[in-house]
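Enquirer: Below: one structure in structure tokens.
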Amino acid sequence: MSPVAIVACVCLAVTLTRISPSEAIFPTPELQNVFLGRCKDYEITRYLTILPRVKSDCRALWTNFFKAFSFKAPCNLDLGSYKDFFQRAQQTLPKNKVMFWSGVYDEAHDFADDGRKYITLEDTLPGYMLNSLVWCGQRDKPGFNQKVCPDFKDCPVQARESFWGTASSSYAHSAEGDVTYMVDGSNPKVPAYRPDSFFGKYELPNLTNKVTKVKVIVLHQLGQKIIERCGAGSLLDLEMVVKAKKFGFDCVENPKSVLFLLCADNPNARECQLAKRYYRIA
């Protein structure tokens with residue numbers, strides 16, 4: 001998804017923006033109140049005409065969520081730990097609107113436009129409630145650590161990705177029709193598509209036969225060198241993987257709608273001036 005990347009360490013020092021481990025060691029204060037507040041906000045005001053409400057109430061969801069990691073050693077989790085929570089929080093996703101991202105958190109969410117154009121994992125109830133929060137369990141009362149969480153690199157991969165890995169898998173499994181995947185084609189250090197990314201590990205493998213096509217949007221950052229293009233490098237690898245799964249595949253670089261979004265913040269960039277002449281923008 002889809003997709004700055006998502007890691008929940010059961011040490012659970014994580015955020016959906018996939019910040020570095022050393023930055024995510026202090027648990028979110030008042031975790032229960034934040035969870036319940038976001039849940040109620042979502043229930044009453046968020047995505048009302050776009051995504052359905054879930055049957056479980058907010059306190060039942062909290063109980064199920066807390067049970068998954070509380071009174072356990074920080075790294076004593078696996079990819080099944082949050083299974084019951086995600087079953088309770090599951091939503092039907094609109095056809096042809098599911099979007100994944102890798103390395104382009106801000107751009108992807110600006111483009112998705114709060115669900116009006118596309119749905120991201122962070123627009124779903126679980127993603128909305130837990131986005132950017134940090135938590136971890138402990139064996140003693142009150143069952144979770146309120147002062148510090150261990151660096152997630154100290155946990156096994158199945159533990160540190162137990163929440164967001166399951167979130168990504170569940171989200172992808174609910175997708176139908178055409179799905180969209182936005183990637184960064186200007187990062188010299190990280191390929192646009194990586195098999196070990198959350199998209200590569202959890203989202204792409206969990207797409208079902210209800211999906212018809214994977215549509216890739218390659219974003220080239222303004223003023224930066226173009227590293228990856230459709231049909232070459234890691235994007236060719238992705239195309240082969242997608243077609244092997246019998247899905248259709250499309251790839252486009254900086255479509256007009258994305259370019260205009262980038263240029264809104266930097267209208268004087270060379271690419272924006274060229275686009276202005278090409279598209280005859282006043």
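Cβ coordinates are placed from backbone N, Cα and C, and glycine is handled just like the others.
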Enquirer: Quick test of reading the record: Swiss-Prot lists a disulfide for Cys155. Which of Cys58, Cys75, Cys251 is on the other end?
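Expert: Between Cys155 and one of Cys58, Cys75, Cys251, Swiss-Prot records a disulfide, namely with Cys75.
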Enquirer: Quick one: give me the count of other CB atoms within 10 A of the CB of Cys39 (disulfide bond).
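Expert: Cys39 (disulfide bond): 23 neighbouring Cβ atoms within 10 Å.
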